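Colleague: Here you go, one structure.
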Amino acid sequence: MNVFPKKIMLLGSGELGKEVAIAAKRLGCYVIACDRYNDAPAMQIADQFNVFNMNNGSELKEVIYKCNPDIIIPEIEALAVDVLKEIEQKITVIPNSRATATTMNRDKIRDLASNELNIRTAKFSYAVNQSELDLHAETIGYPLLIKPVMSSSGKGQSLVKNKNELAQAWNLAIEKSRGKSNKIILEEFIDFDLEITLLTIRQSNGKTLFCAPIGHEQKNGDYQCSWQPAELTESVLEKAQQIAKRVTDNLGGVGLFGVEFFIKGEEVIFSELSPRPHDTGLVTLISQNLNEFELHLRAVLGIPIPEIVCHEASASRVILASMETTDVAFTGLEQALSQSNTNVFMFGKPSSTEGRRMGVAVAKAETIDEARIKADNAAQSIQFINE
């Protein structure tokens, strides 16, 4: 018998962690939110919070043993994963420590997909210094993408059009890299037709479920807008589902995975994977009967998922800060919410820098184009001000 409430520890308390915390609280769980800074979004929902460096193994271990959670849900990449492997013998880690370690570094998940599972990816190579970068760039060809092997939200990513831009791209990737690695990945630029996320849910009963595909656009590797359902042929969707299942089956565990693909014609090209709710999946806050965070919690807790329904054409658009401040204030909610079937979710971040993601607008309509226009209008209505 599954006894509730469960005590859940979130390692990472940003906007996605906040929505996980909300979903957990609605199921009666006790939530402990952890992050490196105070008043992070999920901490505003949680029963308890801890502020510390989660990359520090001894600090992480101390907090885990002090709080003694039933379940640990990593929500960010920058973690002392060796501790999770040790802790996993006593406490459930979602989806598991291996999946967390594999997906926190682009090289590990890319090697798994391409080399072990023989799944089509963009051509890629690695470099640990400028000389290797120059050599591999000539082999892959221009234009190409350069990324840190470990970063989040597209930080440190550059599109390089010729060799004269390599040095600047290298410096940016190293500067924005998380952790101690100076390793970067060079990646073939694919002139794709569409970029999608396939939310893939592994359940404790052994079954895998899929949400309707989500189309999205990025700027410098960072999510800007998404829409659901993305228009795919039946054969392309089937290929994407097969690949997502192969990779997530290899990683194991339970929960929701965000699996990203490039679509070019009938070709499906694996891009990246997150073993947790995905930022592009914020559109499910309006599009589905169960949003991605609720699906994640149900899978984690062993609660049935009878069906996943995508109600109608829906879209999201991020709300970005226009200034740096520690006293966040904004206007425009009245205008943003004057449209039907539209909502705004502000994340409650305690400070902003120019371009920081502070919220998301979501909308639904009869068509994807109409939903995207409504979401765009709502997001543009929010203006940040100095009080």
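Glycine residues also receive a Cβ, built from the backbone N, Cα and C atoms like all the rest.
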Colleague: Out of Glu62, Glu75, Glu231, Glu234, which is the one Swiss-Prot records at the N(1)-(5-phospho-beta-D-ribosyl)glycinamide site of Glu15, Leu16, Asp279, Lys349, Arg356, Arg357?
Modeller: Glu75
Colleague: By a 10 A CB contact count over all chains shown, which of the binding-site residues listed here is most packed: Gly154, Gly156?
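Modeller: Counting every other Cβ within 10 Å of each candidate, the maximum falls on Gly156.
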Colleague: Between Asp279 (N(1)-(5-phospho-beta-D-ribosyl)glycinamide binding site) and Gly154 (ATP binding site), what is the CA-CA distance rounded to a whole number of Å?
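Modeller: On Cα coordinates alone, these residues lie 12 Å apart.
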Colleague: Cβ distance under 8 Å to Glu260 (Mg(2+) binding site), same chain, sequence separation 6 or more: which residues?
Modeller: Glu195, Ile196, Thr197, Leu198, Phe270, Ser271, Glu272, Leu273, His278
Colleague: Compare the C-alpha of Lys349 (N(1)-(5-phospho-beta-D-ribosyl)glycinamide binding site) with the C-alpha of each of the binding-site residues Arg106, Ser152, Gly154, Gly156, Phe189, and give the closest one.
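Modeller: Closest by Cα: Ser152.
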Colleague: Express the distance between the Cα positions of Arg356 (N(1)-(5-phospho-beta-D-ribosyl)glycinamide binding site) and Glu187 (ATP binding site) as a whole number of Å.
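Modeller: The separation of the Cα atoms works out to 26 Å.
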Colleague: Which of these binding-site residues is closest to Phe189 (ATP binding site) if you go by CA atoms: Glu15, Leu16, Glu75, Arg357?
Modeller: Arg357
Colleague: Could you find out if DSSP has Glu187 (ATP binding site) as helix, strand or coil?
Modeller: strand
